[in-house]
Each structure stands twice: as structure tokens, then as C-alpha cells.
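Single-structure report; data block below.
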Amino acid sequence: MYSATKKVQKTLTSGEIRKTFIDYFIKNHDHKFIRSSPVVPFCDPTVAFVNAGMTQFKSVFLGKETPAYRRVTNSQKCVRVGGKHNDLKSVGQDGYHHTFFEMLGNWSFGDYFKKEACVMALDLLCGSYNIDPSRLYVTYFGGDKTLGMPADLECFEIWRSLGFEASRIIPFGAGDNFWEMGLTGPCGPCTEIHIDHDPHSTSTIDRAKQVNSGRPDLTELWNLVFIEYNRNADGSITELPAKHVDTGMGFERLTAILQNKTSNYDTDLFTPLFNVIQKHSKVPPYGGLFSSSIWAADLDTAYRVLTDHARMVTVCMADGMLPDQNQKLRRILRKALTVSKNSFADEKLLSQLVPVIIETMSSGYPEIVNKQNSILELIEHEREVYSALRESSQKALSEVVNGNLNVDDADLVECAGFVPAYRELKSLKMKFKNVIPGDFLYKLTDTYGLTEEHFLKLAKLEEMICDLEGYHKAVSEAKLRAKRSFNNDTNSNDMIARIQDTLIELTKTLPATQRHIYNYQYDEVTKQYNIPPLTAKVLGILYNDISVKEVICNGVITATDSISVITDVSNFYVKSGGQESDKGYLVISRSTDQHTKIHPKLGVIDTHLINDCVIHTCKLPEENSKFILAVGDEIVLSVDENHRTSNICHHTATHLLNGAIRALYGKVTYQVNSEVTSGCCKLELGLIGKQITVNEVQEIEDFISRIICLAAPINVQLFNATEILEQDDIIMVPGEIYPETSLRLITIDCKDLKLLSKELCCGTHASNAQQLQHFCITNLKQTNRARYAFTAVAGEAAKKVLKVAALLKHRVNVLEEEFKTERLTNASELELQKIRNNLLHMNIKLPYVFKMSILERLNEILRKLKATVKKNIKEFVEVEMRNLLQERSPTTHRFILHYISSSALMEEEVPLQKATKLCKDRPILVIAMSNGIVRARCCQFQSADFSAEKWLLEFAAIFKCEVWAARGQNIQEVCNMRGKRITTKFEEQLEIAMQRAFEYATKYV
């Protein structure tokens, strides 16, 4: 096996290779180690996953954040499954593509630059790692006319000075040597170090020509980016405030080189995983084959795909990414489950790999160790969900594809719209001929949720081609229509949406509003938060949707009049973090009424933030509406303290609820969404592996009540993004994009109950839990298999709810006592029914546990009442039938045909079986009518020519009803008529039916 090192030495393990890299920069060049950020993008909306080592430092490169250290190094966890950097389709087909990989890197933030970076890189590779320099080639940026940028000759000279022959220093254009993270953002020229894996190559000139040609034996090893520029949204490039260095070297590829392997999959990062797969599945061991014409190569490809995807899934889940909220993660997880099932006949292989992955990665990423149980629970949950989905979907797919597609295809199984879309395509195939038009493809996306990959599979089934160009055109036109529809929506109730363009234009030139939303103090006497009024200067006014300098109101206003005010400072909270906007008043200093000393007030009904300016949307006063307001005026901003106090209590309660569930059950818990209003707080959580019942709700309430009694402190700390990533166990909303600076970390620490809640949140909160006074959960709804939506109240709202509960409890106690002592009147019975119906169907705020308990008691009372009624009905029927049979002796009446007259007075279904059992000596047909539904039952046992079925059919024909026999009974002897609701002319139909039945029986009996 060819070795890239200058002489034979001890083979380093992957852990040692990673440590050598980090130690080199820390010990030799005074770098600070910064641990890897999660693969979940934290404050960058431009990427779905962290796909490069520099992602967490992007704000530093843009000058938005001051770096804590000027020299840093780390090993960054990265994922590439979509967009510009997409390695997904190549995974398993070669020896070096991965969805998850590690990026070794070092950075300089305005410190060293090109020469120092090149010197360090070469020293580490040829010194610490002992790589033979004769196997290395380097590239540099050769310039680009379209960018107007010259060649980076400085870089060329640096490599020459370090001993590289000119033939080993190769120029390339922007496509290869001008690095960009995405469509916008930091960028700059780069130099790449490539390594020759071929032990027999001798011609430097020939091999130099093969650099960047895609050869597997001559690959890129390290990329050194010199970040000098920023690509703007319009495509232009501007210089950054300072010059930086960003380097990245693929850890897996470096490990393969240093362990003398031709494929990354042959290193100790993957071989332990292959051993686990082989041990559990009993298939042939991994052979390292890539040829698609050999069966064993297909198995080896499955080995590679499964282990790669297992690593990606494990790391993503350990970093808090959830399949339920990231469809790309779910898709890869399901592909891994499919490969496990189809290639290794064991769906649970993925779970077997997780502990080994964590063990191999724990030295570099110790934070993943304590996430193992959560990861395994998530995978098992997803496996069960996917298994059920596959079972239900595969039958429908098999019926339509007729073996032309793989019904195990994860994409098809997950796409509920594929089957109906295919049926619609088939119905229109003659019209389309051989081409599926773009507008129809767009319809398939819009109606059935199909993607371009689904289009191609549909086309394959019917041997057609897709007009993808027409499809993209249709998508663009739809977006344009949606935009026009939004802009023309003059009937929108949202005034801000209607005049958004006007506000954006107005606020462009205004300074950002200085916000004082956290300036409040709790008053122990009033149990409210005091918010000092704030004097502000008016910067902008919109009156009836038009920007004006001054508004003069003489008291005449209409229902459509509206006014919005922008000020230099504001103490009003703007809706964010799930919390609603504040309400209050703007107190105006000038009035058009010279005889009043009362300052006019504009009621603030909502607030918005545009271009960092707070927009106070106001309602014009119906009284005292004579005022003058102009740009430059001073006004006083007064926040409604009752409203804010309720929001503070409910936002704090949301954190307590989230933290309590995590502390009590320790399961995989994640926040789906939350809403905080003055009336209540709502929190929807995903909770894997735990069912929430009434008992758990009571346990959660008791736990939070104890936290309130213990006055657990609530602290607020400010961090920037880099500092936050150094913290452990922070609760973040999956998929949420956070700001880069001034991040507020809300910590609730109740040591007595072992609760430590740390959440990033911009809302307003109490300073200790006791300020909430009361807490109770008012509703619980299971929204899907593993999601629960909680509604809760705190503070005064909870106090009111508990008071209503106490009154209702007293009334139910009285009614229950009346029932037990047999003093329950009809009016009381109706009241019981009304209370129950109100609890079930009216949105009455009550403690959830209390509500369930009261409903249980009410249902028990009503059940007993119903049983009493049934008993009475049976007695009525029995008395009526006995009297009838005594009056009609068998000698004078050979059969019984009778309508039970007392049934019309009964609400319950009449027990006809009881009635027929009393008649044992002749045929009988009885009819009952209760609650508007007619029923009948017939028994016959005398003549072979006369059956119960035929007799009852004669009667049932008039009502157009079906007849049937109970299980285990002969329909010729016992027959029932299905109940039917009769709304009109029942008596007339009954008379005709009974006459018909009478004539039929008379003929045969």
C-alpha cells in the first residue's frame, strides 16, 4: 500500500490525527480552541445546515461582531445534503463523498494573512504529519475578468518561497479558486493544497495538468481562503472591513491519507461500523468494491450509505435537529432505515450503530455522549412511524405502478400525493401525448406536493418526458401572482401589511428606535409590574395610510380613520418570541380645544418593527379627539401595566412549563411553537416516548406550583452568538434563526427540585417565580402521535380560573347530593346536562384536571340516571305486553302484531327483544318509535311457509327499511328491522304497514 509519508511511522488513529491538528495551532501558534458549533444553523438564515467551518464566524467576517480571539482553531461538524454544496447523490458511489464530515480549520481575524497561513499549513502537513512534500501540488486564483479581479500573484510567490517548483503551482479561475459560502456573504481568493496518491507518478507536468480534473488519485486536501470581500445581494463584490484567513481540511480525507487508505471508508472512522453491521446482519463482510456490475459492490455501497447516513443522523440529533422539523434529516433517516431493511434485513441496525459512532467521536465532541439515549428514542419513534406509513402506502403504490417502480422508494412512500397525481396524469395522457407540460407539473406540485424527482418517476412510468423549463416558468408566474395579490389586498384587516411599502420607504431614512422594553419593576403591594412612562420625539406619522408631517384633528373622525406613529424611543414591546405586542396610550401635548386642560390620548392597539423602527398603530379616540400631532413633537408613551403584567406572567409560565416537562420526564422534548397573550399562554411540544394524561398534568401543575412557592430566581444574561455556543443544555426552538448579538438567556434555577431551565428568549419575564402567584393548565390537546398542545394561565388570570372552578365545584356537589338522596328534580337534571355540555363544547377556562374530574362525576351521575330510565322503560314495556297477551288469548289471536304505544314517550331505545321474549306461544311482530326512529322485531316458529324474514319485509317495505338477523340467529325465525328516522306522516305509514303485515300473517297463520 502506498504511503504518503516520507518514512514509515506509527499509524495514527483518527482521534490522534484530530488532536495533532488542534494541538499544533494551540501550542505552536497561540490559537484559541473554539468548540464546534451545532450543525443546526444558529443565526444564519442562508443555509439549511452548517456546511463549513467558517459558518459560526460569518458575523465576524462581515464586521457585525468583534471576535473574542484573533486566532482560533477547531474541528467543525458539517452536513452537506442540498443547495450549492450537495454531496448526497454521490454518497456510497465513491470513497470520499459524505453527507456528514468534519472540517479541520484555523482562522485569523484581522491578524496573520496569506504568508503565515501557507507556512503553517505546509509545516503541519510535512512536519507534524510527515507527509512527503514531493506529493503535493498547490493552486492559486488566476484572476477573473467578469469580476474585474487580477491574479493572486502574491500567493504564487509565497509558495515559490516555500520551495515549490513553478510547475507545481497551478492557476485556476473563480470556479475553483475564488471561494464563496453561498449566493451572498464573505468570499475571497483561495489556495488549495492537493495530494498525489499515485506511487508511480513521475511527471510533475503531466500530473499538474490533472489537478482539479476529478481524478480520485489526485485530490484536494486543504483549502486556504483569504477572505477580503463580501458578495452583495445584487452580485457586486465589496471589500470587507478587515482581512481574514479561513482554512478548511476534510478530516476524513486526511485520515485516509495518514492511515494509508485509498478510501475514507477504509479508515477507523468507518471500519468499526462495518463490523457492527456484519455481526448483526450475518451478511458477507465489507469488501471495498465500487463496480456497479458486481453484486458484492451493491452490498458494499449499502454498507457505505448506511454508515454515512448513520453518522449524519446521529450528529444532527445530538445537536438538537429533529426529523419532525427538518424534512431533509427525516429523508436521510428513512433512507438509512430502508437500506437496513432491504440490504441487511434488519431495520434496527441504525440504532446498533449509534453507540459506536458516539464512541468514535466522543474525544473530539464530548457534548454528544450524554445524548445517546435521546437519539435512540428518536430513531425508534421514527422507525415505528415510517414502518406504519410504509405499510399503508405500499399497497396503494403497488396497485398503480405495476412493478415499474420500487415501492420501497422512501420518496414515494412519503409522498401521499403520488398515487392520485399518477391517476390524473394517466387520464390526460392522450391529450399530452409524450410531453408532460410545465403548467400541469406545477399543478402537481401545488395540488399534490410533488417535487421534480417525483415528476421524473411519473414520466418513467408512462414513458414520457417532463417540460421542466415550462415548470420553472409556471412557478415564477405563480410567485408573481401571489405578490400582486398581496400588494392589491386593500381589504386586509392588517393595516401594516397593506401599507408595508410606504412604511419601508418612510423608515429607510429614520434612525433606529431606542427600545426600553425591559425597564420595569415588580410592585409587591399591587402585584403588578410598574413601567415608567417614556417621553419620546415623533419621527414619522402615517395618517390614513399616507405619510404626513402633521395631523390636525378637530373632533370629527370616522371608523376608517387610522394613525401610526414612529418615535425615537419606545417602551412598547413589539410582537416577537411568541409574545403579543403591548397596548397602552400615546399622550399628546397639543389640543385644538383651547378650553381643555386634558391631554388627548391615542390608544395603541398594536406595534410593529420595520427597519428597526417601532410603529405604534393607534386607534383615534371617540371622545376628546381634538388634537394636533406633528413630526418633532414630544409625546409621552404609557404602556398598559395590567396587560404587560399578564404577558410577563404568561411568558414566564411558558418557560416553567417547558422546563418542568423536561425535568420530570427526561424524554426527548422539543418546542414546536408557543404563543403568549394577556389571556393565556400556549405551548406545543414534541414529546417522544411519553404519554401525557390527566395524571401527568396534575404532576406538572404541582411541580410548577412548588417552584412558585420556592420563589425560584429568574436571571437574564446577554451573550453574542459565539459565547452562546460555548454554553451547555440551552433550550432553543428548532429551525429558529437567532440574532448574532444581544442574545438574552433566561435561566430559571430551582435547585430544590433539580430544575435548570436555560432558554434563549427576547420576551419579558418575571424576576422570580413567586411573582406568578398561581398557575394552572386549562387545556391539553394531543395534536399528533408525539405532540401535545398545552394551554395555561398564571397570575390574575389563574386566580380567576380557580375562582370559577370553586363555584362550579360547589354547585356540582349540591346536585350530586340531590341525586344520592333521590331529591333530583327535572330542572336539576337539565342543569346537570347543561353543565356537561358547556364543559364539552364551550370554551370555558377551567383547570384541566378539575374539568376532567367534574366531567367524570357528571358522566357517572348521568349514567346512573340513564340506567334508571332504562329500567323504567323495561318495566313499562313489560307491563304493556303482559296486559296485551292476557287480553289476546292464543285461541282468538293466532299471532301478535303490536305497536308499543308507550315507546313514543321514551327517549331511550325500546328493548324489543324483551317484548318478544314474553310471547312464547305464537308468532309476534312488535314495533316501537322513540326519538324519531322507528324499529321493529319479528319472531316466528309455527309454519315452514311463513318466515319471520318474509313477514317483517312486508312491514318494512312501507318504511323502505332493511331487515337483518343478529349473529348466531336464523333470520327465518328471528328478524330485526334497521332503525330509520321518520320526520313526517309516521302515523299514516304505520297504519298502512301494520295492515299489510296483518293481511300477510292472516293468510299463512
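Glycine residues also receive a Cβ, built from the backbone N, Cα and C atoms like all the rest.
Residues annotated as Zn(2+) binding site in TrEMBL: H651, H655, C761, H765. In the three-state DSSP assignment, the secondary structure recorded for C761 (Zn(2+) binding site) is coil. The Cβ neighbour count for C761 (Zn(2+) binding site), using a 10 Å radius over every protein chain in view, is 23.
The domain 'Alanyl-transfer RNA synthetases family profile' feature in TrEMBL is assigned to 12-804.
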With an 8 Å cut-off on Cβ distance to the H651, H655, C761, H765 Cβ center, who else from the chain surrounds the Zn(2+) site?
G577, T652, T654, I714, I746, E759, G763, T764
Among all the protein chains here, how many other CB atoms are within 10 A of the CB of H765 (Zn(2+) binding site)?
24
Packing count at H651 (Zn(2+) binding site) (other Cβ atoms within 10 Å of its Cβ):
26
